[in-house]
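Visitor: Sharing the features that Swiss-Prot gives for it:
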- His41, His70: Cu cation A binding site (BINDING)
- His171, His175, His202: Cu cation B binding site (BINDING)
- Cys47-Cys58: disulfide bond (DISULFID)
- Cys161-Cys228: disulfide bond (DISULFID)
- Cys319-Cys325: disulfide bond (DISULFID)
- Asn27: N-linked glycosylation site (CARBOHYD)
- Asn250: N-linked glycosylation site (CARBOHYD)
Amino acid sequence: SLLRKNVDSLTEEEILTLQSVMRELQNDSSEHGFQSIASFHGSPPLCPSPEANKKVACCVHGMASFPQWHRIFTKQMEAALMGHGAKVGMPYWDWTTSFTKLPRFIPYDDEQLNPFVRITDLEDHFTTRDPQPELFKDPEGGDESFFFRQVLIALEQRDYCDFEVQFEVIHNSIHYWIGGHQKYGMSTLEYTAYDPLFFIHHSNVDRLWAIWQELQKYRGLPYDESDCGVELMREPLQPFAQTSATNPNNVTRAHSTPKSLFNYRQLAGYTYDTLTLNGMTISQLESSLLRLQKEEDRVFAGFLLRGIGSSADVTFDLCDKDEHCDFAGTFAVLGGPLEMPWSFDRLFKMDVTKVFKQMRLRPDDSEYHFELEVTARAGTDLSPELLKPGSVSFLPGRKIQNTPDVR
């Protein structure tokens, strides 16, 4: 079984080997090479088939099979690295811990020597990064990492479908805040997978799903099934299920149904060096989540998201009856003109308890509203009408089931 390690735990020998192997893979112009595999995600579009008159990107977003599609995609690239001599699995970048710069394994200022920095895609452009300030400085000014807090809300969910929505939208912000306004980078659905950082990011995304699965086992709850997108779970993922001319990997082609990809250890042949989160074991993490649920009443803003044909950064303010507005939160949408149509069937939720307290508002008041600002990847403003107005839900602490007052 292949071991996936934290990028910060790689030895110098492992780093040099991975860089050498990645360089070879990027120079491989066959169907086994980096660019051929990267095209599975976005451009050039391969779905429903390479021969179709009208094609879309094959990547799955806004659907219950998002985790499975990206699990098998990351495995596809990992297997290609192994084919060129890699001895460790796809390393992961644990972005749930606070950071002020990208890991030394994936810098963005060493463009000539490190093949994990950038490559040339099929349109003869280099991938580029435009890290946004929010990536390194918590936009909400919280005590912990922005990403850590959002991940806790995802891990708190006890139903796969609720978890998936939270989990997916969190991952979008890493894409957007690294790629920024660059066309050929992490913030565009079409070109994101041409940046090698994509796979380092998604190795961690997959690890977080594995942590949730272990939490579910600890809770005695289902960890390998979905009660939403039931038909999707039976449909082979594309383009992995296409012919060997598109996908020469016999393993991913044979195991391309989402329902077969819940058990990554058995089917994908890799493990993680640790399934802890910020040093917490599964049992400690569950205890922490239960404490979070019991400590105080919470207020959540909910958004029913759908594809808008573009990647976008969304910020929203909470405004009172006098139009006094305070920043309430931010999230991102990952998309583009080649995306499959999608819409979530449930709300993405963000904890807005803090801003309700600051503004001395109650969630059962009627005289408040959210104002959204939606900025497209290119930096242009989009109409807030593209997204449905946010709703509010109140979740009482488990110890005291009192009236919804968060003052």
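From the backbone N, Cα and C atoms, a Cβ is placed for every residue, glycine too.
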Visitor: If you measure Cys228 (disulfide bond) to His70 (Cu cation A binding site) at Cα, how many Å is it?
Guide: 18
Visitor: Including all protein chains displayed, how many Cβ atoms other than that of Cys228 (disulfide bond) lie within 10 Å of its Cβ?
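Guide: The answer is 17.
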Visitor: Using a 10 Å radius around each Cβ and all protein chains in view, which of these binding-site residues has the most neighbours: His70, His175, His202?
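Guide: Of the binding-site residues His70, His175, His202, the highest Cβ count within 10 Å belongs to His70.
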Visitor: By the count of other Cβ atoms within 10 Å, pick out the sparsest of the disulfide-bonded residues Cys47, Cys161.
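Guide: Counting other Cβ atoms within 10 Å of each of the disulfide-bonded residues Cys47, Cys161, the minimum falls on Cys161.
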Visitor: Between the glycosylation sites Asn27, Asn250, where is the Cβ count within 10 Å the lowest?
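Guide: So among Asn27, Asn250, the glycosylation sites given, the one with the fewest Cβ atoms within 10 Å is Asn250.
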Visitor: Could you name the residues, excluding His171, His175, His202, of the same chain that surround the Cu cation B site, i.e. Cβ within 8 Å of the Cβ centre of those residues, in sequence order?
Guide: His70, Asn172, Ile174, Thr192, Phe198, His201, Val205, Leu334
Visitor: Roughly how many angstrom lie between the C-alpha atoms of Cys58 (disulfide bond) and His41 (Cu cation A binding site)?
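Guide: On Cα coordinates alone, these residues lie 6 Å apart.
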Visitor: DSSP on Cys228 (disulfide bond), three-state: which is it?
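Guide: Once the DSSP labels are grouped into three classes, Cys228 (disulfide bond) ends up as coil.
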Visitor: Out of Cys58, Cys319, Cys325, give me whichever of these disulfide-bonded residues has the highest number of other Cβ atoms within 10 Å.
Guide: Cys58
Visitor: Consider the binding-site residues His41, His171, His175 and say which one has the Cα lying nearest the Cα of Asn250 (N-linked glycosylation site).
Guide: His41
Visitor: Cα of His41 (Cu cation A binding site) to Cα of Cys47 (disulfide bond): how many Å, rounded?
Guide: 10
Visitor: What's the CA to CA span in angstrom from Cys161 (disulfide bond) over to His171 (Cu cation B binding site)?
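Guide: Approximately 16 Å lies between the Cα of Cys161 (disulfide bond) and that of His171 (Cu cation B binding site).
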Visitor: Please report the three-state DSSP label of Cys58 (disulfide bond).
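Guide: Its secondary structure by DSSP: coil.
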